[in-house]
Amino acid sequence: MGIRTGNEYINALKSRQPEIWLGGEKVTDVVNHDVFRQPVKEIAKLYDLQHDPEYQDRITHICSETGERANNSFLLPRTAEDIKARSEAFEVHARATFGLMGRTPDFLNTVVTNMAGNPWFLDKYNPDWSKNLIEYYNYIKKNDLFLTHAIINPQNDRSKASYEQEDLFTHLGVVEEKPDGLIVRGAKMLATLAPITDEVIIYSFPGFQPGDERYALAFAVPVDTPGLKLLCREQMQDGTRSVFDHPLASRFEEMDAVLAFEDVLVPWNRVFMYNNVEAANLLYSKTGINQQPAHQSGVRGYVKLEFATEVACKLADSIGVDQYLNVQTDLGELVQNVETIRALLRVAEQEYETMPTGEVRPAAAPLETIRGMLPKMYPRAIEVMQIIGAGGLLMSPTAADFENQELRSHLDKYYAGREGVSAEERVHLFKLAWDLCGEAFGQRLLQYERYYTGDPIRKRAIFYNQYKRNKQFTSVEQALAASPPLKKQVTKAK
Ligand SMILES: Cc1cc2nc3c(=O)[nH]c(=O)nc-3n(C[C@H](O)[C@H](O)[C@H](O)COP(=O)(O)OP(=O)(O)OC[C@H]3O[C@@H](n4cnc5c(N)ncnc54)[C@H](O)[C@@H]3O)c2cc1C
Ligand SMILES: O=C(O)Cc1ccc(O)c(O)c1
């Protein structure tokens, strides 16, 4: 099949009946549901880009093994050109949603591509696992499927291991082996966009302890597998709000769902790992899924930060406050943050690492630095937006107000911006900003940036410990060596 169109993606959604719960009710027609209709269209547009002559060669390639066209996110990079091709695809996808949708199909494509591209790792433990993963990769590539993932256990008692939680199957674990597969029970905390995907893949960040064997597993199943419940969080838009009043929230909400497995059968050919704490803890670092997906996330985060910065700049300009030094320095700071992330991305792409397998990976340290900095830079952009927009952010009239002829002339006068900015333009811009910095939609976007890549605090600590392991701090030794040792009598206590 190769690359799908938006319609093919939508038809696949229509052909399934996953068990989706939202607001106490089952969602039976996700494609036409108020909350999901627009996000489905946004994802469909990404699939259509693959067929757009302007984009096709920038985001897809002909697979040398199958002869079929595939998205560049399915390309295991082996050259600098491959890295560039992936970067371009990531950026095209991100720009289509202003970086606001984090888990577009390209993200998990990179994850599975890397797991399957490093079969040596699972081979060591069980050759069936790597075989299954390669077959799965070929399957999702051939059918251009959309995956979500859930890697974090539910937030019950974080001070205890999975096996120590009150119920043995609060965290997702294996109940028993059957001739045709594993029976799994329990939950994973969060899978973004799950209700509008084709498949879910389960694996974990490192952190399992001896005793956690039943939870140390990786597998993938179709999203409508019997027994799998998708428990959605409360929606942040109801699908009926006007696009004028909510230019972003009305289009780009990514629903998040807890995945609850109620004795789900995972066929053996979909089991990628099981009952192995060591393998589960090493999967992330050894197969490069700590690194290659961070390239996608970095590009996407860069586009989002740049977007938020541009919104803040336009906001300031529209009411003439960017004449003031304090506003200029705040905006300058945001622009410098964008440039910092752009520079880190370029360094990561140019100073790539070549693995013994021939795979090339954008450099780890700059990618990890992006992961550490975005959780601070994005909230800062939002804060600056709030400070610059000030009370005006709260005071926007609605599209319905503008459409009322009795009100219109008053609005045109009282809501106009600086010279040359009409009331409608100013209000529209402020509404866009409010979606980002005031609405629940925007708060989720902020929380996403803080946490999508795990806990930034622990991640930075791990980063430092790795840095310390690899560094000798030789410059300090050299600087100290330049001064002769003190004479004994000088250091002696008087
Ligand atoms: C909008 C959004 C979308 C997401 N999408 C996905 C997704 O699609 N798939 C997915 O798998 N995950 C997703 N995540 C989940 C994300 O991976 C987790 O939120 C992240 O790993 C942090 O875990 P937590 O939220 O459970 O926080 P916790 O781990 O519970 O941390 C809570 C607080 O306690 C502190 N803390 C906890 N444990 C320790 C410790 N051992 N040492 C020191 N401090 C500690 C943390 O620093 C933090 O301040 C998403 C998250 C968000 C917010
Ligand atoms: O986007 C992120 O940084 C989070 C994340 C999730 C799953 C992965 O496999 C991964 O490498 C990174």
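For all residues, glycine too, the Cβ spot is worked out from N, Cα and C.
Heads up, TrEMBL stuff is auto-annotated, nobody curated it.
Annotation comment: TrEMBL describes 5-273 as domain 'HpaB/PvcC/4-BUDH N-terminal'.
Asp455 (FAD binding site) carries neither a helix nor a strand DSSP state and counts as coil. Around the Cβ of Asp455 (FAD binding site), the number of neighbouring Cβ atoms within 10 Å comes to 15. Annotated FAD binding site per TrEMBL: His149, Ala150, Ile151, Gln155, Asn156, Asp157, Arg158, Thr192, Asp455, Pro456, Ile457, Arg458, in sequence order.
Among the features that TrEMBL reports, domain 'HpaB/PvcC/4-BUDH C-terminal' is placed at 280-479.
Among the record's FAD binders, His149, Ala150, Ile151, Gln155, Asn156, Asp157, Arg158, Thr192, Asp455, Pro456, Ile457, Arg458, no two C-alpha atoms are more than 22 Å apart, and one pair sits at exactly that spread. For Ile151 (FAD binding site), the Cβ neighbour count at a 10 Å cut-off comes to 18, with all displayed protein chains included. In this structure, of the binding-site residues His149, Arg158, the smallest number of CB atoms within 10 A of the CB marks Arg158. Note on the binding-site residues Asn156, Ile457: the fewest other CB atoms within 10 A surround the CB of Ile457. Reduced to three states, the DSSP call for Asn156 (FAD binding site) is coil. Checking the binding-site residues Asn156, Asp455, Ile457 against ligand 1, the ones with a C-beta less than 6 Å from an atom of that molecule are Asp455, Ile457.
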